[in-house]
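Before any comments, here is the structure.
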Amino acid sequence: MLVSQLLSTSVLLCTVSTVLAYPGMEMKLAKILSRQDDAAGEGIDEGDSDELLGDLITLQDGQLTRVGLDIKQLLTGGSTPESDDQYINVPALKSAQCKQDTCCVWKYIADDMAKLFRGPSGRCTKWARKAVRLGFHDAAGWSKGTASQGGGADGSLVLNPRELTLAENNGLQDIGQKMKEWYAKWHDKQGFQDITMADLIQMGANVATVVCPLGPRIKSYVGRKDSSVENPLLLPHPSDPADMLIELFENKTIRPHGLVALVGSHTTSQQFFVDTKRAGDPQDSTPGVWDVLFYGQTQGTAPTPKRVFKFDSDVALSKHEKTQQEWQEFAGPGGQKHWNEDYAREYIRLSLLGVNNINTLTECTKVLPPAIRTYKAPDQNNLNTWLNSNSQSALAKSLSDAINEGESILNTIITSLLGRLKSL
Ligand code: HEM
Ligand SMILES: *[C@@H]1O[C@H](CO)[C@@H](O)[C@H](O)[C@H]1NC(C)=O
């Protein structure tokens, strides 16, 4: 490599173009303008999900447990889907006290997971994103029309030998392997027989979401039952038209606004399989951060650098008459708070598809790590430089890998440049 090339690389990396407004600015503005009209139970309209699920459909209110009643309210637009409930005085794992609290072992599991999900930059890692997607793909094997065959959030995505090998689940094989390891560690070795794969997967998704900066702290439940029976394949494809996606999710009781809220999780994502030539390209300018920039960039109202790769399905949803307005609201002032609440409520619904013992679940939200409500990237300038180039050079690739691992790319650049100096 020529010195001039090396220099131009480092000059490029140091002189930062500020084409993009720093997302933190939008965050502050969003806070100032924060909507006040979002209290629980208000503003349910025809775009919002409100169908009951599982055993809650037939149980009378008088038969409901505290958890059953709260979930019933959550599914019909009431109660609050996010919670800061903390675990005070966690008993030692091997103690008798720990055995008495169903949530106790989950605190240890959640801490284990969070270590893998949090990157040194403060962003969440590829493992966190995969865990969120895994939670979706396990639960998504359910619809009203196929409910008699079972399916849903039942652990089958990992327990069934075939499901994870399907092309639709590309990219999820390694997080599936992690789930198997966690299952072996907690279910077998520690003798906690009531740890199911279905719960591990859904708890994993909720730990991952709150580890991503700005992500909601979603009310979390355990007590789902496992199945290794292959679920019907009911996953969306990025080339599906919006009408079809809306119907696919309606069939799962998720109404158009719910779909808009849930696909917002692409805010953290970097794609690998939609366009393999652009492997590692993110779906907004802040991969690993649970912000609303994805909504603005996908609909084209926020400046979008070259490297941001939009899925056709997301663009289609940002424009469809049933979803466009909600999309716009999440992108606009106060969008973060509105989105977090809606995402949390809709994810609770998703994570309960096919669960027929909702009334006997235990709430263990207190085991989750705390929410991170403000975030400033330590390496935003370098990130912007990477985003504004479409180079697929080795350096660009190593930056993309580092971001995928949740690392700060300040260090990656220095290491990479030093490596090149050595090879001169
Ligand atoms: C319209 C419906 C959806 C479509 C078409 C879709 C499609 C995709 C595709 C193609 C990828 C990239 C995979 C890759 O190439 O590596 C992806 C990633 C992802 N999806 Fe979706 N998705 C949809 C809905 C959802 C929902 C409802 C959730 C969760 C609630 C979700 C969570 C994720 C996450 C977290 C990633 C990032 C995974 C990673 O970084 O490894 N998606 N999705
Ligand atoms: C929705 O469910 C109906 C009834 O089971 C089915 O005929 C239809 O194909 C489903 N739609 C999609 C997009 O999966």
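A Cβ is built for glycine as well, from the same backbone N, Cα and C atoms used for every other residue.
Feature annotations, courtesy of TrEMBL:
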- H137: active site, proton acceptor (ACT_SITE)
- D138, G152, D154, S156: Ca(2+) 1 binding site (BINDING)
- H266: heme b binding site (BINDING)
- T267, D284, T286, D291: Ca(2+) 2 binding site (BINDING)
- C103-C364: disulfide bond (DISULFID)
- C124-C212: disulfide bond (DISULFID)
- 152-267: domain 'Plant heme peroxidase family profile' (DOMAIN)
- 1-21: signal peptide (SIGNAL)
- R133: site 'Transition state stabilizer' (SITE)
| task | For C103 (disulfide bond), list the number of other Cβ atoms lying within 10 Å of its Cβ atom. | result | 18
| Which one, from the disulfide-bonded residues C124, C212, C364, has the smallest tally of other C-beta atoms lying within 10 Å of its C-beta? | C364
| remark: The recorded positions listed are C212, H266, T267; by CA-CA distance, the one closest to G152 (Ca(2+) 1 binding site) is H266
| note | The rounded CA-CA distance in Å from R133 (site 'Transition state stabilizer') to C124 (disulfide bond) is 14
| note | For the residue listed as 'active site, proton acceptor', the same-chain residues 6+ apart in sequence with C-beta under 8 angstroms from its C-beta are L157, E168, N169, L172, L235
| request: Look up D154 (Ca(2+) 1 binding site) in the DSSP assignment and reduce it to helix, strand or coil. | output: coil
| said: Give me the long-range Cβ neighbours of S156 (Ca(2+) 1 binding site): same chain, 6+ apart, Cβ under 8 Å, in sequence order. | reply: D138, G141, E163, D226, S227, S228, V229, E230, N231
| remark: One finds that other Cβ atoms within 10 Å of the Cβ of T286 (Ca(2+) 2 binding site) number exactly 28
| said: I'd like to know which of these recorded positions, R133, H266, is least surrounded, judged by other CB atoms within 10 A. | reply: R133
| message | Can you give me the Cα-Cα distance between C103 (disulfide bond) and T286 (Ca(2+) 2 binding site) in Å, rounded to a whole number? | response | 33
| query | Do any of D154, D284, T286, D291 (binding-site residues) have a CA within 10 A of C212 (disulfide bond), and if so which? | reply | D291
| said: For a quick check of packing: other C-beta atoms within 10 Å of the C-beta of D291 (Ca(2+) 2 binding site), how many? | reply: 26
| query | Going through the recorded positions C124, R133, D291 in sequence order, which have a CB under 6 Å from an atom of ligand 1? | reply | R133
| query | Excluding D138, G152, D154, S156, which residues of the same chain place their Cβ within 8 Å of the centroid of the Cβ atoms of the recorded Ca(2+) 1 site? | reply | A139, G141, W142, G151, A153, G155, L157, A198, S227, N231, G354
| said: In the three-state scheme derived from DSSP, which category covers T286 (Ca(2+) 2 binding site)? | reply: coil
